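These features come from TrEMBL:
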BINDING   ARG124  L-glutamate binding site
DISULFID  CYS336-CYS389  disulfide bond
DOMAIN    51-108  domain 'Ionotropic glutamate receptor L-glutamate and glycine-binding'
TRANSMEM  161-180  transmembrane segment
TRANSMEM  192-209  transmembrane segment
TRANSMEM  221-240  transmembrane segment
TRANSMEM  406-431  transmembrane segment
Amino acid sequence: MTTERTLPDSDFLSKTGTWIQNATPAYKVDYFKTTTIKNSLIRFVGVLDQPYLYKNLNGELTGISYDLILLMQRNLGFQFEILLAEDGSYGSKRPDGSWTGMMGYLTENRADMSANFMFALSDRLQAADMSINLVQSGLLMLLKRTIHPLDFFNVFYPFSWYVWISIMFSMVVLSVTLFVSDKISPNKSDKPMFSFMASFFLVLSSFLMSKVETEPRKPSARLFTLLLWFSTLFYMTTYVSNLVPFLVKPDESVPFTTITELQNATSYRAIFWNNSIAYTTVQRRWPNLVQTAKANWPEDMLQPSAAAAVETLKSNDRYVYIDSATTINYQKTKDCVLKTYGPLEEVVYETTMIRKNYPFTNEVRSFLNSVRYSEYQNLEKKYFGLNRCPTSVINPADKIPLSFSYFAGLFAAVGIGSVLGFLYIILHWVYRKVVLWLARRRSRNKLEYGKTYEAEIIKITKEGVWVKIEGRQEVFFIANNSLHSDPTKIKTAKSLQLRVRQKIQVQYFGKDSATNNRIFARLFENSEWLQAERNRVVDSDSD
């Protein structure tokens, strides 16, 4: 690109150009014959690299380097043109000693100065001169901010699993302590003893900061409860204080802090801007990292530009972009999802390079040194002040999206608690039904005085028979004199033609007060002895 130039004022008695007959324009200015920088033409060489030199939406050049050139032009009065290096690189030394990129333009006298700032490396200083140390720089790593992964147990992450297990264990211990302390305390009729379930639910409600209807009444239990509530207050505040930063801040932990450690982080991939000095430096300083990248992700390792590297980086949070600190910091200010990692490595200064034997080197150095701490800092603020992610406030991009999936663990815990609550109610209902059924069964099986039962003969002896009442497991003995209607006439079961497994009707007359045996008699209608026996037995069934 060549800027619009006007004819400079001629110095007194000095040749500034040549008149050419029948030519347009007729006057050709010879800038290189001037003896002062004011009337000279400075040829700058650069590459498109934000924030140094790039094109805006209108296709015009802009950037820190371009604005600095304009500042130099206003004060030193020179004209300039900007050439773009054909290979788009800053320049590296070839095996034959020649240079690529911008350094090639300077060493071959095709350009006078570099527009972009460059690392002042020793091999470059042998091939060209530097102006002044403008910016302290080096290598930095750029990564995409990683958000907490959404999973089932997000709400439990503020505490480790060891802490949660300890809390559950302490709840059981505190429940037992409350139950025992309430049990051994002096008891009164108006202050009933606390049950274990009531103790457990009181401790559970204290940890959940909720209220229960059942409260301890004894002084010892009340004192224990007050201390428990005071302790759970610290527990809850600690949980909330750990939960809030977890919700607001992203997870920025990575398994490395330096480029050297990055070589061993196999799950991360290093990418570079092709032909950049950062890539050349990494090749020399960390060859294993470059070899690993070439072997495993050669398609993505080298990017055509810094912007392309950032887009690749944003597409995968496992990529690590390594470049100069100025480029990395500028890219970070443009997007809140990016973050720099690690310390500044391979610290060097960035400067503008000047070709050897350039006649106005001292004038350029003097001017740059005069504006280094004033106008140049204003240029930095102009481009780096576009930071959309100030550190003094919480960035919206850093906030975790509070969606249903994030609180899935909490909702699941509430759901499980509700299911367990309903299950407890159902089991409690079943338990009461079973207890009631058993009570009714016992009441049905209870022998009632004077009631008639059906019995089965299971054994016959000389003294009587052994029978089993239907619905009961016990066996009872009925003497021979209770097997017929006239007990004055002794008859045996054999004489009465009774047999095993025969069903007979018997009537219960309670327990014998002397032997505590149950009294049964075979039932006969219109039996005078049976009626007399009913009147005689007064000892009712105590079962």
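One is the number of the first residue shown, and numbering goes on along the chain from there.
Cβ from N, Cα, C; glycine included.
Please treat TrEMBL annotations as automatic predictions, because they have not gone through curation.
Given the structure is predicted, the values throughout are model-derived calculations rather than measurements.
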CYS336 (disulfide bond) and the residue listed as 'L-glutamate binding site', Cα-Cα, nearest whole angstrom: 35
Spatial neighbours of the transmembrane segment (192-209) far in sequence, C-beta under 8 Å, 6+ residues away: 167, 171-172, 174-176, 178-179, 182-183, 215-218, 221, 225, 228-229, 232, 235-236
The domain 'Ionotropic glutamate receptor L-glutamate and glycine-binding' (51-108), counted residue by residue under DSSP: helix, strand, coil: 20 helix, 13 strand, 25 coil
